[in-house]
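Chemist: For reference, the structure I am asking about is given below.
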Protein chains: 2
Amino acid sequence: MNTALTEIIPEEVINRLIDQAFEEDIGRGDVTTEAIIDEQAQAEATWTARGQGTIAGVTIARQVFIRLDPDIQWSPRVEEGEEVSPDSDILAMRGRVRALLTAERIALNMVQRMSGIATKTRQFVEAVKEFDAQILDTRKTVPGLRLLDKYAVKAGGGQNHRLGLYDMAMIKDNHIIAAGTIEQAVQKVRNRHPELKIEVETTTIRQVEEALSARADIIMLDNMSAAAMRKAVELIKDQAKTEASGNITLERVREIAETGVDYISVGALTHSVDAFDISQNLQQLK
Amino acid sequence: MNTALTEIIPEEVINRLIDQAFEEDIGRGDVTTEAIIDEQAQAEATWTARGQGTIAGVTIARQVFIRLDPDIQWSPRVEEGEEVSPDSDILAMRGRVRALLTAERIALNMVQRMSGIATKTRQFVEAVKEFDAQILDTRKTVPGLRLLDKYAVKAGGGQNHRLGLYDMAMIKDNHIIAAGTIEQAVQKVRNRHPELKIEVETTTIRQVEEALSARADIIMLDNMSAAAMRKAVELIKDQAKTEASGNITLERVREIAETGVDYISVGALTHSVDAFDISQNLQQLK
C-alpha cells in the first residue's frame, strides 16, 4: 500500500481531528515543555516498534508535528501497510524539541490505534490466505474515526465494507418485518435507489432462498454454523456475493473461509483495538 | 456514580461528537430504513448486556436518539457505573422506528467503547481493592474522545490523571536532560506555574532522591521492579504522592499495589479497549 492517508481522506477531516486532539491535549499549552525547553532547541527523534505488527497512519503523524514545526525534516522508514519487527525504526524526524515533545502523545495515539487495527486485520487476512474470502470492516467505529479506521483496515490487507448508512443498502430483520417479506423490502429499496447495491441479512436457508429470488446483490449469512454457510454458498453459486458475519474470531475465521464465502466481516477490527506499542526517543538533545 | 456525563462534559463537546458521528455514519441518509419504514411507525426497543461488565455512557446514547426523535420515551434500567450480568436490560425506549434503527449503531458504538473502558477499569480497581492505591487513566486516548474516556474510567471506579498537558506539569527524561538536573527542571516549572502540581518521572532511587529534594508533588516510579518501588515508597513516606507507571497489567497490578504506592496509572484502560457487547432489540414492530 503506497497511498498516504492524506491523499485519500479529505483534508478537512484530518485537520478537524488534529484540531480536536490539540484542543483536548494541549489546550492552553504544554506547561512543562514551555517552562523548560528553549524555543529554538533542535533535536532528532525516532519512532521504534515495540512488537511485531503492521504500520498505518505515519502520514497523519507528520501532519500533527508540522502543526507545531512547519520546518520539520521528516524521514519515514516504512511505508503504510508495511510489517515491522520489534525494535525496528518506523520514522526519524528532526525539528524543534518543543514540537517533538508536545505533539508526541497526540501523534502516537493516532498511529498506535491505526497500527493496532492494521495488525489485527493482517492476522485475519493471513488466517484465510489460502482461500478467496476477503476480510471486511464494519460500521463499529468510534465517532470521528471512521475514515482513519477504514484506511487502517486497508493498510492491513482488508477491504472496506460500506462507509455508512448512505452508500449501500442493508436490509436487516426489522426491515423485513416492517416490509412483510424480503422480496417486498428489496423492491422498496430498489425503487427508491436503483443505483445502490442491496445486501440482505439472512439467518436461515429459507431466508437465503428468498433473498436469492429477490435478486439481492450480497447475501449476509449472519451467525450461521459453518455447515449452514456451506449449504448457502452452494445454493447461491454466482447469483449473489456472500458475506459471513457475526462474532468472527481469529480461531473460527479459517473454518468460515473454507465454506467458500466471498467476504467475512469482522467488527472487532475496529471496535476492540489493541494499541500497537511504539516509543519515541530523542537524540542529540543538549 | 450518579452523575450523568451530560452534566459534567461541556454540551458543545458532546454535540460535536454526535455531529461527527451522524455525518460519517448517516451522511445523506439511511437509505434502507427510509425506503422501508413508515415515518410515523413507533416501537419499543431494549438494550441487553451480552456479558458481565460495567455500564458507562447511557446518558450520551439518549442524546443520540433524541436528535432523530425529540419525543422519545427513555427508561434507563441501570445507573452510570452499575455492574450488569449477561442478558440483563440496560435501557428501554419507545419512539419512532426510523430513529431507533438509524441511530442504533452510533449510540452503541459510543456506549460499547465507554462500557468497555469502565469494565476494564473495574477489573483493575477490584484487583487492588485491599490496598490504598487508586487506579488512574492516562493521556493515551484517541482524538476527540478524551473526556468520554475519562468519564468512563470514573464510572469504573478509577480516578482521572491530568486532562492534558496544561492542567498539571509532568517532568520527563528529556525535560531533565534539557534542564540539567531534576532540581532545575522543577524550579523552572514552579517559577512559571506556581499554581500547578508538579510530577517528576523517575526510573532510579537516585532520581527519586533528587525529586524529593526538589519537592515534587508527585513522584512517578516508571517501569521499576516491585522491590525498587517498595524502597522508593519507604524513602518518600508522606513527602510526596507516588505513582507507579509503565506496562501495568492485570497480572502485575496487585503486586504493585502491595508496594504502598498511592496511584497506579494504566494506559491500556483507554488505548486498548474491548467493546462491551450490547444488543438492541425491537418489540411491537408491526
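Each Cβ is built from the backbone N, Cα and C atoms, and glycine gets one as well.
I grabbed these lines from TrEMBL:
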type	residues	note
DOMAIN	B:30-115	domain 'Quinolinate phosphoribosyl transferase N-terminal'
BINDING	B:R105, B:T138, B:R139, B:K140, B:R162, B:K172, B:E201, B:D222, B:S245, B:G246, B:N247, B:V266, B:G267, B:A268	substrate binding site
DOMAIN	B:117-279	domain 'Quinolinate phosphoribosyl transferase C-terminal'
Chemist: How many helix, strand and coil residues does the domain 'Quinolinate phosphoribosyl transferase N-terminal' (B:30-115) contain under DSSP?
Modeler: 35 helix, 24 strand, 27 coil
Chemist: Measuring CB to CB from B:N247 (substrate binding site), give everything in the same chain under 8 Å that is also at least six residues away in sequence.
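Modeler: Same-chain residues close to B:N247 (substrate binding site) (Cβ under 8 Å, separated by 6 or more) are B:N223.
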Chemist: So what pLDDT does the domain 'Quinolinate phosphoribosyl transferase N-terminal' (B:30-115) average out to?
Modeler: 97
Chemist: What subset of the binding-site residues B:R105, B:R139, B:R162, B:S245, B:N247 has a Cβ sitting under 8 Å from a Cβ of chain A?
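Modeler: Near chain A: B:R105, B:R139.
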Chemist: Using a Cβ-Cβ cut-off under 8 angstroms and a sequence gap of six or more, which residues of the chain neighbour B:G267 (substrate binding site)?
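Modeler: Within the chain, B:G267 (substrate binding site) has Cβ neighbours under 8 Å at B:T138, B:K140, B:I248.
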Chemist: Go through B:R139, B:R162, our binding-site residues, and report the one whose Cβ sees the most other Cβ atoms within 10 Å.
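Modeler: That would be B:R139, with the highest Cβ count within 10 Å.
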Chemist: How many Å separate the two farthest-apart Cα atoms among the substrate-binding residues B:R105, B:T138, B:R139, B:K140, B:R162, B:K172, B:E201, B:D222, B:S245, B:G246, B:N247, B:V266, B:G267, B:A268?
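Modeler: Binding-site diameter by Cα atoms for substrate: 41 Å.
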